[in-house]
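A.B. asks: According to Swiss-Prot, the protein has these features:
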TOPO_DOM  1-183  topological domain 'Extracellular'
REGION    12-41  region 'Disordered'
TRANSMEM  184-203  transmembrane segment
TOPO_DOM  204-215  topological domain 'Cytoplasmic'
TRANSMEM  216-236  transmembrane segment
TOPO_DOM  237-256  topological domain 'Extracellular'
TRANSMEM  257-277  transmembrane segment
TOPO_DOM  278-330  topological domain 'Cytoplasmic'
TRANSMEM  331-351  transmembrane segment
TOPO_DOM  352-445  topological domain 'Extracellular'
ZN_FING   385-423  zinc finger
Amino acid sequence: MWLLAAHQVLRKMQRRHSSNTDNIPPERSRSQALSPEASVDEGGVFESLKAETASPPALFSGLAGGLPASPFPAGLVLGSTAGGGDVFIPMPATRDEAGGRSAEGSTYHHRQAHHHFHHGAHRGGSLLQHVGGDHRGHSEEGVDEQPGTPAPALSELKAVISWLQKGLPFILILLAKLCFQHKLGIAVCIGMASTFAYANSTLREQVSLKEKRSVLVILWILAFLAGNTMYVLYTFSSQQLYSSLIFLKPNLETLDFFDLLWIVGIADFVLKYITIALKCLIVALPKIILAVKSKGKFYLVIEELSQLFRSLVPIQLWYKYIMGDDSSNSYFLGGVLIVLYSLCKSFDICGRVGGLRKALKLLCTSQNYGVRATGQQCTEAGAVCAICQAEFRDPMILLCQHVFCEECLCLWLDRERTCPLCRSVAVDTLRCWKDGATSAHLQVY
């Protein structure tokens, strides 16, 4: 009885299975014929997976581009409720079925591929454009920043030049007004500076001539300097400018900045004239009284003493200018400024005193640049001085074995430190101001 019931159930299942296999596609009939156990789900699983079998090629059609879509191979899909997923087993297909399916799949995938390709291309293109745009933006910003962005110093320089271009006319107008107000003082200073330059250059020329100097030229320099000094002091006698030479205040109602420069400038030029006049007297002395080789030391002492005295003259004038006429209004500020001025001035005076001390020490000591040369050494040297191009007079030989006249050598070493021929160091002492020159520095403080 149990066998009969089991046989009837199997017959019903076979009939039901045969009715289901008559209406399914060839691919499914083939797969179910190979695996009849997959029909247990009563046809529910395969109906839901019909549309999903074509979706995998459609998803990747956007990335494939223009490549032909490959047919999705036939296989067996098993439903699994315990695992929560589907298992796909690929199965080979025949040529006819593959050809027909590829034709149908190509038409179906062409529509879906167009949609997915357009969407994927739009999405991928926008991403690439965004990345490329950022890259180009950064590159363009880098290109613009290198040559286009000026350095801070260059921008400040351009701003200064622009400001000067705009303000230059007003600056010139202001300078023209100041020059017109002080035209007399500017003219006097230019004249005295020209006189100093002429007298200084002429004196140096006479010093270089040694015994051949012209006494008449020296007297002319003395007369020229004395005439200029007397003319200036007489023209402005009402101001008593000579009082500043003996540390007194000139006769001025007020002492502003331009008045201070005027008094200090005139006093400095007068002291320079006196310095040149003293040097002219040294040049005019004959060889019997003072040797030519010793005159350079006296020029040095006179110059150092003159610079020290010139630095002392402006002190009392600057004190009066800093304190002002009514010192009670700015007593604290004036006191601070005087202390600062005194501190700075003390360093300058100490330097001048040190230079004068070295000059006096050099004057009191005899300096030998070499030893007397013998007749044989003079003959080997050519019997002619390389400096004056004449026969040797009181020849001296240096450590480098070069022979020169004593006066020529002393005059040369008053300006240089090395041998005239081999440039080896011959002396390491003060050599400034030994040629009769006077400092052109304007001592205004």
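Here the Cβ of each residue, glycine as well, is placed from N, Cα and C on the backbone.
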A.B. asks: Give the nonlocal contacts of the transmembrane segment (184-203) in its own chain as ranges (CB under 8 Å, at least six residues past its ends).
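C.D. replies: Those are 217-218, 221, 224-225, 228, 232, 258, 262, 265-266, 269, 272-273, 276, 279-280, 283, 436-438, 440, in sequence order.
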A.B. asks: Please average pLDDT over the topological domain 'Extracellular' (352-445) for the predicted structure.
C.D. replies: 83
A.B. asks: Near the topological domain 'Cytoplasmic' (204-215), which same-chain residues lie under 8 Å Cβ to Cβ, leaving out any that are not at least 6 residues past its ends?
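C.D. replies: Distant Cβ neighbours of the topological domain 'Cytoplasmic' (204-215) are 279, 283-284, 287, 292, 295, 299, 407, 411, 435-437.
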